[in-house]
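For 1-72, the entry in TrEMBL reads region 'Disordered'. As annotated by TrEMBL, compositional bias 'Acidic residues' applies to 18-29. If you look up TrEMBL, you'll see 62-72 marked as compositional bias 'Polar residues'. For 74-409, the entry in TrEMBL reads domain 'Amino acid transporter transmembrane'. The transmembrane segment feature in TrEMBL is assigned to 103-127, 168-188, 208-225, 237-254, 274-292, 304-329, 351-379, 421-439.
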Amino acid sequence: MWEPFEMSTALSGFRPDDLEESGTEESDENNVVLPSYDEGAPLVPRDRDPQPSRLGNVVESELQSEQQTTHAQRTSNFATLMHLLKGNIGTGILAMPNAVSNAGLLVGTVGIPILGIICVHCMHLLVISSKTLARKLGCTSLDYSSTAEQAFRLGPARVQRFASFARFCVNTMLMLTQFGFCCVYFLFVSTSLYEVVKNLSGSTPISAHGYMGILLPLMMLFNFIRSLRTLSPFSSIANVLQSSGLIMVFYYLFRGSHSGNLSPYVAPIKKLPLYFGTAMYAFEGIGVVLPLENAMATPDDFGGLNGVLNTGMVIVACLYTAVGFYGYLKYGDDVKPSITFSLPLESVSELIRLMFALAIFLSYALQLYVPISIIWPFLKKKFSLERFSSRDQLIFELLLRAFLVLITCKRKLRLIIVKDAFIMVFGIFGSIIGTYTVIKEIVEAMSKPS
């Protein structure tokens, strides 16, 4: 039977007393400073020593790649910013007018930056916690699940036994979240192509599901890209397409009169869950925060008041707020789930749909980066894939990538304690609300006459 905690069993022998020896000469012999993630190399090195190096008997090689990196191989601040924007600005921004329609113009517009502040605060907590734990352990960086695991393992004695479970939970939630994003991306691209062909030709013999089948091999081939460095130009292209598309969307939003069919202050309370579900989905990039920070040439520039993280998320929050406000002001309660489907049937609007479809297509591999970085190392250890040649391991990894694409085609001090508890409750609430939103829309769709 599969053991879900096997990814972390190497850490089961850790004792807090081990850390007290870190300053001695004897411990220096055992300590091995592991490099941070190599953004220019494949996600998982093809040739890996089956005997993991040690870090004071505390952290084994699952925490990081053993491959040494140079300064030139890492991402610049600008490339990291492009990845951060691409990881956060996806289909969610196109749904912001519909989200505001479920909360009212005032409440919906004010709520978006508030949600953004909470989200950015959580991102900073994650980065700070990762750096603090890495410094205590003597390594350069930790990934998301390792940060959660070591936080429990170095915490109070009562919670230390839950360390492996914390790692498992984080990995599971990350994979489910990213798979969900990829499913939405797949559906958005295929639906956009279907709508464009139907609007331009008057009819199409291929259904939206047929376009998903056409896109499937293309998605698989694109997902064979194995490094962030190679994905960086595609992220830049996607950002240019989305920026150009948003400018053209704003042209339509500012043109002509605005709708009078809207709720100026607050919508009916029963619609607020739909607002929270959509708005919280839009801030979707926390899963890529640590991989991006770990791949930077100057990781100290990631945080800080004017760092890459704050700069990128301020841009994201401003764009979300502007699109939500002006989109709902323009179309009112008649706004569609995606603002691109509310645009008039003109050649320019069809071009906008194609631009967003291509941008989302180019973002797909970045969203699958996180699940692959979790699943592939685990499978290599679970099935001892190191015994195979590098060529065979590459084939296995590409098959895994193709399988994951197929899945997404087939169908998230006391004051500090109070604040952290609020964030946890808020996250659980958002998860429940998001589930409610999806179920409600499914029921409504099934109840409509075919």
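Every residue gets a Cβ built from N, Cα and C, even glycine.
All TrEMBL annotations are machine predictions without curation.
From a predicted model like this one, the values you see are computed outputs, not experimental measurements.
Between the transmembrane segment (237-254) and the transmembrane segment (304-329) there are 3 or more Cβ pairs closer than 8 Å, counting only residues 6 or more apart in sequence, so the two stretches are in contact. Only sequence-distant pairs (6 or more apart) were considered; of these, at least three Cβ pairs between the transmembrane segment (304-329) and the transmembrane segment (103-127) are under 8 A, so the stretches are in contact. Cβ atoms under 8 Å from those of the transmembrane segment (168-188) belong to residues 4-5, 7-8, 90-91, 144-145, 148-149, 212, 215, 219, 284, 287, 338, 356-357, 360-361, 363-364, 367-368, 370-371, 374-375, 404-405, 407-409, 411-412 of the same chain, restricted to positions at least 6 beyond its ends. Against the transmembrane segment (274-292), stretch 103-127 shows more Cβ pairs under 8 Å than any other of 103-127, 208-225, 351-379. Long-range contacts of the transmembrane segment (103-127) within its own chain (CB-CB distance under 8 A, at least 6 residues past either end) are made by residues 96, 144, 147, 262-267, 271-272, 275, 279-280, 283, 286, 289-290, 293, 302-303, 309-310, 313, 316-317, 320-321, 324-325, 328-329, 423, 426.
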